[in-house]
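> Marked as domain 'Manganese/iron superoxide dismutase N-terminal' by TrEMBL: 4-83. The annotation Mn(2+) binding site is assigned in TrEMBL to 28, 76, 157, 161. Taken from TrEMBL, the feature domain 'Manganese/iron superoxide dismutase C-terminal' applies to 91-189.
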């Protein structure tokens, strides 16, 4: 398998202004994610994972530098795809699944935001589909629900570099704005 490449953002770098600035997206995508891509490529060379997909590396690599960098490539790429400029709503089918799992859309949003705000330190908050239901999962550092056999359908990055230039230490404000920029079409496309 060829080296991994930096995936393009699915929108212009200024498309999320008012939520995430062009400066934040430039640093986050072009610097942070690119460094994870380059480091993953260096670390997999000559290893048993040289020809494997990111998902296989995440599921099979031992904890350490290769896992951390590969997981961060997956996590960041997934996160950027979860975002959009306009405030979309889930489809009727996805809304039924959300309401079945969380009683209401508003309860889901409140629980997702509070889980992400309470995710101590650096990490990720995920919405996962498991056995026909949805669940919220917090992971630390480069943690990823693929290692737990879960199917991620939505995530938010709660590492400070994701929001600090725009929100400083106001993670709750970042999360309040995040839920208005979710690409629900992408979320639904991840359902098993």
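Think of each number as a place in line: the chain as shown, counted from 1.
Including glycine, each Cβ sits where the backbone N, Cα and C put it.
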> Which has the fewest other Cβ atoms within 10 Å: 28, 76, 161, the binding-site residues listed?
161
> Do any residues at least six apart in sequence from residue 157 (Mn(2+) binding site), in the same chain, have a Cβ closer than 8 Å to its Cβ, and if so which, in order?
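Long-range Cβ contacts: 28, 75, 76, 79, 124, 163.
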> Over the span of the domain 'Manganese/iron superoxide dismutase N-terminal' (4-83), count residues by DSSP class, listing helix, strand and coil in order.
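Computed counts for the domain 'Manganese/iron superoxide dismutase N-terminal' (4-83) are 47 helix, 1 strand, 32 coil.
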> Quick check: with 28, 76, 157, 161 left out, which same-chain residues have Cβ atoms within 8 Å of the centroid of the Mn(2+) site Cβ atoms?
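Going along the sequence, the neighbours come out as 29, 32, 33, 79, 159, 162.
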> If you run through the domain 'Manganese/iron superoxide dismutase C-terminal' (91-189) with DSSP, how many residues end up as helix, strand and coil?
49 helix, 24 strand, 26 coil
> Looking only at the domain 'Manganese/iron superoxide dismutase C-terminal' (91-189), report the model's average pLDDT.
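Per the prediction, mean pLDDT sits at 97 for the domain 'Manganese/iron superoxide dismutase C-terminal' (91-189).
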